[in-house]
Amino acid sequence: MASVEAIFIGCNRELQISSYNSTFKLLAYGSNNSISIWKNPIDEVNSTIGVTKTLRSHTAHVVSVQWLPNSNYLISTSEDKTIKVWEYNSDLDSFKLVQTMSDAHSKSVTCLGLFDSKVFLTGGADGLINIWLYSPTETEVFKLIGTVPYTNGFYQLAISLVEISNGKYVVFVGGTKPSLYVYSFDLNEFNDNGLISAKQCTILTGHEDWIKAISVRRISEGEFLIASGSQDRYIRLWKLSLNEFIDNSDQDTSKLRLLSNKQYKFEFNSDLKCSINFDAIIMGHDDWISDLIWHPTDLKLLSASADTSIMIWEPDTTSGIWISKVRLGEMSIKGASTATGSSGGFWSALWIFDDYQEMILTNGKTGSFRCWKQSSSITNNDDEQEQEQDYVQQPCLTGPVKEVTDLSWSDDGGYLLSTSMDQTTRLYSCWCKNSIDGTERELKTWHEFARPQIHGYDMICIKPISNTRFISGGDEKIMRVFDEPKSIANLLERFSGIEFDKNNTSLSMPETASLPVLGLSNKAELQTVEQGQDPLQQQQQQQQDYETSIKPNDENEEDGEGLNLSQQALENLETPPLEDHLQRHTLWPEIEKLYGHGYEITTVDVSPDKLLIASACRSNVASHAIIRIFRTDNWQQSKTTLAGHDLTITRLRFSPNNKYLVGVSRDRKFSLWRRKIEVDDELELVKLQEKAHSRIIWDICWIPSSDMFITGSRDKQIKIWKIDENNTDEPVKLLGSAKLETPITSLDTFPYKINEKYIVAIGLETGDVLLYAVSNKGESEFIHKTANDLLPGDRVSRLNFNSKFENGKLLLAIGSVDSSVRILSFDVDQLKI
C-alpha cells in the first residue's frame, strides 16, 4: 500500500560505516540507529533513486556496517553493545535479522575485521577482541570461538586480518596507541570444548599517533602488503613475508643493518614462518588518515583523510617511490583544526569496481556522500590505463545527521522544508524535468536542492509563509524569516517545474545569499528594490555595483567576468546540486528577525491567509507559556499575548478556515482561540480544556472542515474534539477517541475528503506510522500500518501531508528522531476507505 518516494538520512561519522556488495549491487551504511540500503549505486539511472529501505533493530548509534565477503550476510555493530547479523534474500529483495550477539561485549562495539565468508573479528570499547566463526545451527549463524589478548589501556579503532595458510590467520590491530599490534590464530586448534586464544606475535612501531585505518593486500603467494594510516598524517607500508620469501640477511652480522628495516619474525610452526618489515612511508595528507583501500588488481592504494581529500597512490615504475596520481575533494585550508578540515573531513571510503565502471564514495561531516565516477575497463594493460578519463563528481546521497525536529510542504506542494538538530534547514524537491531541454524525465526522483539555513543553533521548527518565503525557529529566542533567492527559484524551475511570477517576484528577489564569517544571519548579495525607485533601473545598477566590487585587481583581472559565483555555479548545473553547491551556494537571505520570547522557540505556525504568525517557547512557568502573535505585513507583534498554559506549548495550529488557533502543551491542556478579524485580528479564548489528556500532548491536527480537531498524547490516545460555538456552556466537546499500544508523537490530516472520510496519519514513539479514517461523527477506523523497512528507527517527530492529490496517491512526509526525512506515497484505492 505504501511505497517509498525518497528517504533522506545522513551517514554516521564513523570509520567502517559503509560497505558494498558487488554480487547483489547493494550499498549499506549506518545512519543513526538504522542501516540504510542503496540499490545499484553505480548504475546511472538507479543511482538517482537513493535509499529505498532501512533496517531497524539497533537501539543506539550504529558504529560499523560491513558485508561479509562472498556471502549474503551483513554485519552491523552499535553503541548498544550488540552485533547483529542480517541475511539478504535476493529473490524477495528483503533482509532478515538472523542473529543478535548481545553478551560478547560489555561496551560499545567499535570495529569489525573481515577477510572471508567464514570468520570475522569484533573489537569493543571494553578492550576485548572476539573471533567469530560461521557455524550455522537452528539458533545461531556465527559462533564465538576465541579471543585476542587484552592490552591494558588500549582501545581498538581498526582491525584487519588475512589467511596466510589453510585456517591460519594473522591479525593486525590499530587503535589508541601509536603501535600496530600483530596477532595470529589457527582455526584448526578450535574444538567444541573450549575457545582458542590468539597469540601476540609482535608490535610494529613507527607511527606517532593513533592508528585508524589498516588494509592488507596479497602481492604474491607468499607476500602481503599492509597499509596503516594514523593521526600523524602518514601512511606506512609493511611487508609480510612467508617462508622462502623471508629476507634473512639480518642474520649476517657482518652487514650494516638499518633500524627502520628491522625484521619482526614469528612462526606458527616449523613449516610456517613469518616476517614483517617496514617497506615505505607515504606523505601527502595534511590531517588524520581515516581510511585505506587497496585496488583489487593493481598495485594502487586509496586513502581518505580528515583534510577533506581522497588520494590514489601508486609506486613510480623507476624509483619505486609512492606518488599521488589522483587527488579528489578539496584543498585543505591553512590553519584548519585537526579532524575538521574545510568542511569536516572525510571518514569512511568505498572504491567500487562493477559493470566496467569505477566509483569512489566517501562520507563527511554533513552526513552526505560525495561520489566520483569514472567509466573504464578494468584491465592491467598500462596503455589503456593511461587513456582513462578524469573522475567526475556525481550527485549522491544527502540527509540530516541528527534528530529531525520539523518539516513542512510549500503551499503548492512543490518542495519540502525540514529542520534538524544538526543546525541545518534543507529543501527537497522532485527532479522531474531535464534541465537542458525542459522535457519530462521518465524516472522522477527526489533530491536535496538547497540548504537555505546553516545556523549556529539547533533548528526546531519551520513553516512556509508563501512559496518563496519561510519562517524558522532555532534553539534561540528569536525567529528568522527568509526569502528565496533568484538562483534557487531558477534552479527549481529548471529541475522541478516550479514556476514563479517573473513579472512581480523576480525584481524583488536577491540573486543569492552568503553567510558572513562568524555571523548567524544570511545576507543578500544583491539587495531588494528600494521603495520609490524604478525596480528595473535599480536592479541593473545593483548588478553593476556588485560586478565592480568583486572584480579582481591583480593580473588575473581578465578572468573576472563580474558574475555572481553562486548564481553561475547553479546555472551551469545539469544535475541536482552536489554537496559542494549545497554547502556554499544555496543559502536564502534573511530578511527579518522576530523578537519577544524569553526562552528557546518550540513551535511556530502561519495562518492560511498568511497574515498572522503564532509562536511559543520553552517554559516551566505560566508567565512564559504564552502564545505570541506577529503580523506579516509589518513584522510587528500583536499588543496582547495569549496566556492560559502553565508549561511549554508543544504545538500550535491554525484552522484551515483561518478562524481558530489551537495550542497544546506539556501541562496536558489545549487552548482554543478565535480570531476577531474586525478587531485588528486579535484572538480571544474560546476554551481552555483542563486535563484533556493524562500525559503530555505532543500534537494536534485539524479536520479540513475546521469544526473538528484531533489531539495526540503520550497517554497513547487520540481524541477527536467538536467545536459548537452555539453551545455557550460547552463550546468544545469530546466526540470520540482511540487507544493505541504506543505513545503518540505526531499527527496530520490530508486536506481533502476521500469517500466522505478524512485520512489521519499518526506517528508513534516507536517509529511506526498508522493511517486512520475519521468520519464527520468522530468515528475512527484503522486502515493501514506502514511496513517496517519503510519506517524510521526511532520516534516520529513530525508528519505532513502534501496538498497535491495526483494519480490517486497521497504523499506523506515523515521526520524522525532517527535523523531521517521520508516521503511515502499511498495508493488510495488500496487503502479501502
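Cβ coordinates come from backbone N, Cα and C, glycine included.
All TrEMBL annotations are machine predictions without curation.
On a predicted model such as this, the values are computed, not experimentally measured, just so you know.
Across the repeat 'WD' (55-90), mean pLDDT in this model comes to 96. If you look up TrEMBL, you'll see 55-90 (among others) marked as repeat 'WD'.
Below 8 angstroms of C-beta separation, residues 15-16, 60, 63-64, 66, 68-71, 73, 75, 77-83, 142-148, 150-152, 154-163, 169, 171, 173, 175, 185, 187, 196, 198 of the same chain, each at least six residues beyond the ends of the repeat 'WD' (102-132), sit close to that stretch. Per TrEMBL, repeat 'WD' is recorded for 102-132 (among others).
Within the same chain, residues 15, 157-162, 164-165, 170, 172-182, 260, 263-265, 272-283, 285-294, 299, 301, 303, 305, 313, 322, 338 sit at least 6 positions outside the repeat 'WD' (204-248) and bring their C-beta atoms closer than 8 Å to a C-beta of that stretch. TrEMBL lists 204-248 (among others) with the feature repeat 'WD'.
According to TrEMBL, the repeat 'WD' annotation covers 282-314 (among others).
According to TrEMBL, the feature repeat 'WD' maps to 397-429 (among others). Distant neighbours of the repeat 'WD' (397-429): 6-13, 31-32, 38, 50-51, 365-369, 446-464, 466-467, 470, 472, 474, 488, 492, 495-498, 579, 582, 586, 797-798, 800-804, 811, 813, 815-821, 823; these residues of the same chain sit at least 6 beyond its ends, with a Cβ under 8 Å from one of its Cβ atoms.
Annotated region 'Disordered' per TrEMBL: 529-562, in sequence order.
Per TrEMBL, the feature repeat 'WD' maps to 642-673 (among others).
When Cβ-Cβ distances below 8 Å are used as the criterion, the repeat 'WD' (690-731) is approached by residues 650-651, 653, 655-657, 659-660, 662-666, 668-670, 672, 674, 737-749, 751-753, 758, 760, 762, 765, 772, 774, 776, 778, 780 of the same chain, each at least six residues removed from its ends. The repeat 'WD' annotation in TrEMBL covers 690-731 (among others).
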